[in-house]
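> Straight out of TrEMBL:
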type     : residues       : note
ACT_SITE : Asp149         : active site, proton acceptor
BINDING  : Lys43          : ATP binding site
BINDING  : Asn154, Asp167 : Mg(2+) binding site
DOMAIN   : 14-292         : domain 'Protein kinase'
Amino acid sequence: MEPLSHTTVGSESLEDWRVVGSGGFGHVYKARHKDWGFDVAVKLLHDGVGCQSSTLMPNDKALCDEIRHMVKASCEFVLRVYGFYEGNTPLTKLSMQKGIVMEYMGNGSVQTLLTGLPGPLPWPLAFRLAHQVALGMNFLHSRDIMHQDLKPSNVLLNDDLNAKLADFGLSRVPTSALNSNRELTGEVGGTYKYMPPEAFGISYEPSRAFDRYSYGILLWSILTGKEPYTTASYELVALRIPQGDRPPLAEIKQSKAEGLNELVDLMKMCWNENPSTRPHFLDCLKVTEKVFSKHKKGIPDAVHEVLKTLESANSTQHPSVSLSFPPQMPEHATSYDTVDHVRFTQVSDSVSTKTMSAADKGECV
């Protein structure tokens, strides 16, 4: 059976459940679909977000609307969504939970690379990731959709370390359920270290320029293999970023990799304090494609090198866990690679919060 984008998946269709992530909105599981024959990711919501009742809660309407938006955003560089989940799991005591069934990515995220490698990525892979993220973001913006939480842990990686954008779709679920950790998310949405200076303002209204700034900081992380502002608190970042502070460039400038200067220039344009001057992703693509084209031949060796390093580190730390399956994360994990609340915002179309009828549910799925 081919997986469909407008389907309901129940617990009876899934087996071999395993926790792979946790965040403010709920948990992410890996499970094998019995009929499809491959693994999927199941993102389930915490209590209070329409999880425990067999009758549809107001937030279920928002959830289904967001699934539609995610399906609308489906492309090669955005995580694929298979449909709506409703059922229980063998790993919890809840009788009924609701969530989203998505494509499973076996090699974690860019954050996995930042924490699992001893140094920066090989240049060919770094340049490919920069290009693939720009491709995914350009597609989203072309569909009048903003991501608003672009960061390393939201760029997932498949078996060949190709990138897909993830963690989107629940931006309209009430913030009381999602923004459970201000230190991670700030007030507007998105992890604060990747938020633009204007987003720290009280009256800020999200725009595409938010994502362009986040992309600039993400580029820095991809090129350096590091997290920005590792010891800075939310309060310090909220104070200093509007004053012009950005991650340091001295280490990057020491490299002579072909095309690197062009990417650094793009990075600085993306994190410019003036939102109107940040380049559109279509313009970013002109730079990233040119740079990546100069290093394509090095991709096979770069991917092999990184996978070998990750496998070695993984077998040392988790001898019973293969590279394809990330280790289980604790229920209240706080590492950077936890799955944060999702922030994928439709530029237009308001979402009704009325109680969802059976007919509505049928239309959704």
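Placement of Cβ uses the backbone N, Cα and C atoms for every residue, glycine included.
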> If H, G and I count as helix, E and B as strand, and all else as coil, what does DSSP give for Lys43 (ATP binding site)?
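Its secondary structure by DSSP: strand.
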> Report, as a single number, how many Cβ atoms besides its own are within 10 Å of the Cβ of Asp167 (Mg(2+) binding site).
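26, counting other Cβ atoms within 10 Å of Asp167 (Mg(2+) binding site).
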> Nearest to the residue listed as 'ATP binding site' in three-dimensional space, by Cα, is which of the recorded positions Asp149, Asn154, Asp167?
Asp167
> Among all protein chains shown, how many Cβ atoms are found within 10 Å of the Cβ of Lys43 (ATP binding site), not counting that one?
23
